[in-house]
Amino acid sequence: MPRQTCEGNCGKTLDLCSCHSTCTSLGNCCTDYREYCVEILPYSGSILGGTDFIVLNATFNNSSEIVCRFHDNIKTEGYVDETSRGHCISPLLYETGWVPLSISSDNGTTFNRTGAWLSVHTGKLDAKFKAILVNSTKWQYYGTTDVRGNLEMTWNTSLVRAERVNIELWGYRETGEPYTDSWLGEWAYLYSLAKDQPNSGSFSFLPKPAENGFSSWELGSLRISPSIYPDGMNVQAAWTEDHALAWHLEEKFRQNSTVWALDKCVAWDQLENELPNFLSEIIDCPCTLAQARADTGRFHTDYGCDIEKGSVCTYHPGCVHCVRAIQASPMYAAGQQCCYDSTGAQVLTADSIGGSTPDRAHDWGSPPFKKPPRIPGQSHWVYDVLSFYYCCLWSDNCHFYFKHRPSSDCRRYKSPGSAVVFGDPHFITFDGVSYSFNGFGEYTLVTSFAKGLTIQGRTEPVNGTVKATQLTSVAMQETPSDIIEVRLVSGHNGLEVLQNQKTLSFSEQSWMDLHGVYVFSPTSSNVTVIFSSGAGVEVRLREGTMTTTVLLPEEFIDTTMGLLGKMNGDPKDDLALTNGELVQNLTNPEEVFSFGAGWAISNQSALFTYDSKYLFDTFLYAPRHDASFLPVFSVLENPNDPLANQTSEICSGPGSQFCRYDILVGRSPRMGNASKISYQSHISLEEDLKPVISCGWFSPPSNGKKEGTTYLQGAKVNLSCNEGFTLTGPSLRVCQWDGVWSGGDTNCVVPSMNKL
């Protein structure tokens, strides 16, 4: 029988062996699996390209001529090093996320090795992988009043393996008619600031206006590349952050930057008047910072203004934290940004230059990427950031900018519903019903046929002697997205994430753009999965146990079923069987257990990965609910129990019944403590997500002013008039419970002269 090979078969299971990613743990890989289904190191790098990565485990020789192909059309030249390892150089791309990679060792005749490369937005890339603009403010204001002198940049010399380097300027621009097929984005090599410089890790220069018309390029990035290569070639290189190229603009800018910028601002204003209005289709901002940080299915920290990294908010002075809507708007791929001050109140552009601003192009881009306005980072720069420089930073004409980029207030914002599973599985449904279900098997936590969302949970016994179970894996999909599974690693000291049955490594990047889903994992105990609908699933590891929180936006109301209940505000119908019948007695643990068992999944619907003999035998080839496993249903308090004192110390206050069960039945003070923390976290989350009433922004009276920039229930705004005017109407207005400001209109009038 001919030998079976993985050449051309990666991802498939063959008759005699496997080329599927699960083969390494199952021990049934074809002998050449690692040769053709390649892993690479590093697996990620800047969207701008220039990262040198090694092809692991594959064998090459000195005569190999390596060509690396990204997608089916972007080819770069690789090389073989002195230890016979193959290398590729990542290309400049116009998309983020995993890009299919194939590798040829015969100069492009056959591409028989396959893998994937992760392209990363420059703003999400760790600073150690970038060249740094020293005093970046000076770079971006260079040429404006009193900003002159040398500019300096630094880089880690190991990013460019060369003794001598060139300092190249690359520019970005978009051409063609917006929102038509002719609309294109373009990166281009412009010119070199210096050539054949020592690779010392720093470069300083005195900028001068660009020649040959290059000053018309207003956005770009500097690249440090080995000087042995021709200009602009795809080689190992380090890039700076993309930035406004103030320092190379024409002489007219330096002579009077304010007038130059105003002309640009007015031209942008006229262009915006002709472009379609995207504001009506973007999501409203959360009303408070607490809501914004809790709604993880729809909003994520804006890397340019992060409270956990010192609140360096260059474009949002007066704010401590901003979030961005994760999904771009459906038609125009627009973005939403929401910023908050130290009191937790949303900051609005009508009150402050630092206010929240919507974006014509989402900063993080959006699928299918590659063309404006969906190109990550750059489209946003062209339409939303350069214009901010023109109107607000290089001139004092912000009223033009905010006319087209007004803050959305939060009057249409609706908090998501939340539900949680924790400990020896304890459940709190979307409508607040709490119960415990200690089945052993795989079950539906949430299903929504209307939205195509399915979330499944696997439970296993705590150990061989305890008659209680715990959650060990959660698998989920929002059709047609990738399937994501988050499971406990053996030893229960970390979480493992799988995408379509293949393990994802977060050793280099904490955020990944996948198909129809995003995954954020800043640590091995913290994973958040975000679907296109705005559904979010937070998985946290506490004391060796998994806590899973599901957040669903209002569109899911009346569409959900499963162990986490119907999300409709009515707790009475939460525990419904698959046929719609309701549990009659929530206090009867046997009846609740029977309800839970009824939500066991079928073989056909299973989303889990089975990559060990144990998983095959226990779940895949066995009933999905183990009817032979009968848990302990209730806690028998025994003062002589050696854990009784610890239970009293750890378990107190609301939710203590879960903690007590996990210690006295689960025999684990650690798990009991974790359950206590998980319960408190859920109550805190519910508090953060509580709806708040907003009365909306209102303007000060003409010829007057107002004090107060908070517009939520109970907020007070004082109104007064400029000198020479008299106030008519209320001087104090209060935001009332019904979302309406108290009092009538306030005006400032010229006092009438008394007749003699």
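Just so it is clear, glycine is given a Cβ too, placed from its N, Cα and C backbone atoms.
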Discussion item. Can you look up which of Cys651, Cys659, Cys748 is joined to Cys721 by a disulfide in TrEMBL?
Written reply: Cys748
Worksheet entry | Non-local residues, at least 6 beyond the ends, that sit with Cβ under 8 Å of the domain 'SMB' (2-41) | 53-59, 88, 101, 103, 112-115, 117, 501-503, 609-612
Worksheet entry | Close in space, distant in sequence - Cys748 (disulfide bond), Cβ under 8 Å, 6 or more apart | Pro701, Ser702, Asn703, Gly704, Cys721, Asn722, Phe725, Thr726, Leu727, Thr728
Discussion item. Going by DSSP assignments with H, G and I as helix and E and B as strand, what are the residue counts for the domain 'SMB' (2-41)?
Written reply: 8 helix, 6 strand, 26 coil
Worksheet item: Using DSSP, how many residues of the domain 'Sushi' (693-750) fall into helix, strand and coil, respectively?
Response: 0 helix, 23 strand, 35 coil
Worksheet item: Just counting, how many other CB atoms are there within 10 A of the CB of Cys721 (disulfide bond)?
Response: 20
